[in-house]
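Colleague: The structure is given below, and queries will be raised subsequently.
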Amino acid sequence: MSNEGTNTVLKNPGSNQEEADPDSPSSLGDKSKLDELADSTSDGSQANSGRGIAFWAIFISLSVTGFLSSMEGGIMSTALPAVSRAVNAESDYVWIINVYFLTSAAFQPLYGQLADIWGRRWPMLSAVTIFAAGSAICGAANNSGTLIGGRAIQGLGAAGINTLVELILCDLLPLRERGQFMGLLFLFIVVGSVLGPMLGGIIVDKTSWRWIFFINLPICALCFGLLFFALNLKHRRDDNSTSLQKLKKIDFVGVLILCVAVTLLIYALTYGGGAKYAWSHPVIITTLVLGIFGHGLFIAFEASPWCSNPTTPLTLFQNRTSVAAYTLEAVQILVSWGALYFLPLYFQSVLALTPSRSGVLILAFSISYCLSAAIGGGLVTKLGKYRLVHIISFAIMTIMMGVFTILNRNSSLAVNVILGLIAGVGVGLPNASILTAVQASLPDSLNAASTALFAFIRSLATVFAVTIPAAIFNSRFDDLLSTSALDNDVKNSLDLGKAYQQASPDFLHSFPAPVQDQIVGLYELSLKLVWQVLIGIAAVGVIASLLEKDLECRTEQTTEEFGLKDRDEKAPKKSEV
């Protein structure tokens, strides 16, 4: 058994003093309480084998809520053209998507803090209510400004949902058992992500686009009802504080800095490298630099004496295991979403498959991804270890991105299906256990802050996962296009980022065979560079997983502040809400 368990204490050679392992939660939290768990967590014998009705009621309500948020995240992908035309969005159409990601990312750390101050129940119910209000505004919108405003409110609600669903599950389960339930929760989220685009297309074709948003209202009502009755959770932190005292503890300045920084970054990534601005344009350079500086300023403020109650305490970064695990989450999102967006581009531009056939092929990757996440979470629960799972997973990712570089127009459909299945295993296996690695080195009292930061990194990485490969692809394609022998009319239809939009068999078949061959060759070479960049990103994941310590997964909670309320506990007083 490794000596790097939750209660590890390292002795300094040549000294009688004991030095706490910085990766051990006992060095960061309640040491005496954690030390009492040393023997009980070593063999996992105290892991609970069964769960009561109260737990399953909460788990089902969280799963339905997670399904709702993930479905909304994808439903606009197929409906955006129709919605944009209906509200005359014109060039503002991109913000119908991006403002949702902006607010859902920027406010996640705030929800973690609110959950610590007010408990989990009311922030969660508020998030569902805000999401429903945003959906209603979007559905009733008659212009792009109202629609974008509604989407911003939707994202504000989604920020709470995405953070608190995982956080509440962490409160209910000891560390060792979280992986398998996170895997099950992920199944609901993936189903929502898969159904979202399909449902968006059906609604636009068969009914009014407004039902893309109005359909959320009955689901929100169901979620609110389930959560209202199921979330019978305790909260014993600051019970005697008044509402005004609690408000004063919110890190408003930090949240404002983060919102501005995220907005600047997303603006630069949205407009850079397109028809409006080149990457070298002063506007893009300025917003990008200010966005990066803003994130640095946010970290500096959180560590400063002016921030007495930070949304993101630097304690989260004071050991290598949590830092490595946060890095793994960013890498996993960058690689998985990069593959999810650019494999269909390969299918449609190089293999000249229709969007429907492309969708069928990508199912191999998606299904493997989904099932592997559940299996990976179960493995970590069974073994009580996560490091080996992560090393194997990120090694598979790196190898598969390398294999993708040799894909070309002659690759068979069977080969593509098999490669998709293997790649799905690589990106799926670690999905439900990376948060476990983060929290293995931290006390359970930091669950809210660590989960909120985890969700924020995931959301921001999702934006980068599309924009970074797209910028690389467009830049490479434009360079190759400028030196090709294609005539100017063909070049004008493909330059300045239009190659991604034109990736379809209909576009290819509109040209003579020799021209088709040249265009396909440009796509092959441009995609090859994307896969090569993803190789490097995945390799960072291998290095980060090697830097992790394989800390013991605790089989008992180390805090009694949160979790299921005991039967004999009274309902909270109004002052506690």
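Including glycine, each Cβ sits where the backbone N, Cα and C put it.
Keep in mind that what you see is a predicted model, and the values were worked out from it rather than measured.
Per Swiss-Prot, region 'Disordered' is recorded for 1-47, 558-577. Residues annotated as compositional bias 'Polar residues' in Swiss-Prot: 1-17. According to Swiss-Prot, the transmembrane segment annotation covers 52-72, 122-142, 155-175, 211-231, 252-272, 283-303, 333-353, 360-380, 388-408, 417-437, 453-473, 527-547 (among others), on the basis of sequence analysis. Swiss-Prot lists ASN240, ASN319, ASN410 with the feature N-linked glycosylation site.
So that I understand the layout, could you describe where these features sit and how close they are to other parts?
Modeller: For the transmembrane segment (52-72), same-chain residues at least 6 beyond its ends with a Cβ under 8 Å from one of its own Cβ atoms are 100, 124, 128, 131, 135, 154, 158, 161-162, 165, 168-169, 172, 181, 184-185, 188-193, 195-196, 199, 216, 219-220, 222-223, 226-227, 229-232, 564.
DSSP assigns ASN240 (N-linked glycosylation site) to coil in the three-state reduction, placing it in neither a helix nor a strand. For ASN240 (N-linked glycosylation site), the count of additional Cβ atoms within 10 Å of its Cβ stands at 8 [all protein chains shown].
Sequence-distant contacts of the transmembrane segment (283-303) (same chain, six or more residues past either end, CB-CB distance under 8 Å): 251, 253-254, 257-258, 260-269, 271-272, 277, 310-314.
Secondary structure at ASN319 (N-linked glycosylation site), taken from DSSP and collapsed to helix, strand or coil, is coil.
Counting residues 6+ beyond its ends, the transmembrane segment (333-353) has Cβ neighbours under 8 Å at 359, 361-362, 365-366, 369, 397, 401, 404, 407-409, 411, 413, 416, 420, 423, 427-428, 457-458, 461-462, 464-466, 468-470, 473, 499-500, 503-505, 508-509, 520, 523-524, 527, 530-531, 534, 537-538, 541 in the same chain.
Packing against the transmembrane segment (388-408) from elsewhere in the chain are residues 328, 331-332, 335, 339, 343, 346, 350, 376, 379-380, 416, 419, 422-423, 425-430, 433-434, 437, 524, 527-528, 531-532, 534-535, 538-539, 541-542, 544-546, 548, 550: each is 6 or more residues past its ends and has a CB under 8 Å from a CB in it.
Reduced to three states, the DSSP call for ASN410 (N-linked glycosylation site) is coil.
Long-range contacts of the transmembrane segment (417-437) within the same chain, counting only residues at least 6 positions beyond its ends with a Cβ under 8 Å from a Cβ of the stretch, are 166, 170, 175, 178-180, 182-183, 185-186, 321-322, 324-325, 328-329, 332, 335-336, 339, 343, 361-362, 364-377, 379-380, 386-387, 389-390, 392-397, 399-400, 403-404, 407, 450-451, 454, 548, 551, 553.
Outside the transmembrane segment (453-473) by six or more residues, the chain places 98, 101, 104-105, 108-109, 112, 159, 162-163, 166, 262, 265-266, 269-270, 272-273, 279, 312, 316, 326, 329-330, 333-338, 341-342, 345, 434-435, 438, 497, 499-500, 526-527, 529-530, 533-534 with a CB less than 8 A from a CB of the stretch.
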Colleague: Is it true that the transmembrane segment (211-231) and the transmembrane segment (360-380) have 3 or more CB pairs under 8 Å, sequence gap of 6 or more?
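Modeller: These two stretches do not touch.
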Colleague: Report, as numbers and ranges, which residues of the same chain sit near the transmembrane segment (155-175): CB under 8 Å and 6 or more residues beyond its ends.
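Modeller: Tertiary neighbours of the transmembrane segment (155-175) are 47-48, 55, 58-59, 62, 65-66, 68-69, 72-73, 99-108, 110-112, 115, 120, 123-124, 126-134, 181-182, 185, 231, 233, 435-436, 439-440, 444, 447-448, 451-452, 454-455, 458-459, 553-557, 562-564.
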Colleague: When the number of other CB atoms within 10 A of each residue's CB is tallied over all shown chains, which of the glycosylation sites ASN319, ASN410 has the maximum?
Modeller: ASN319
Colleague: Could you round the CA separation between ASN240 (N-linked glycosylation site) and ASN319 (N-linked glycosylation site) to a whole angstrom and send it over?
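Modeller: Counting only the Cα atoms, the answer is 33 Å.
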Colleague: Which residues of the same chain, at least 6 past either end of the transmembrane segment (360-380), have a Cβ under 8 Å from a Cβ in it?
Modeller: 176, 178-184, 186-187, 190-191, 194, 336, 339-340, 343-344, 347, 353, 386, 389, 393, 413, 416-418, 420-425, 427-433, 436, 553
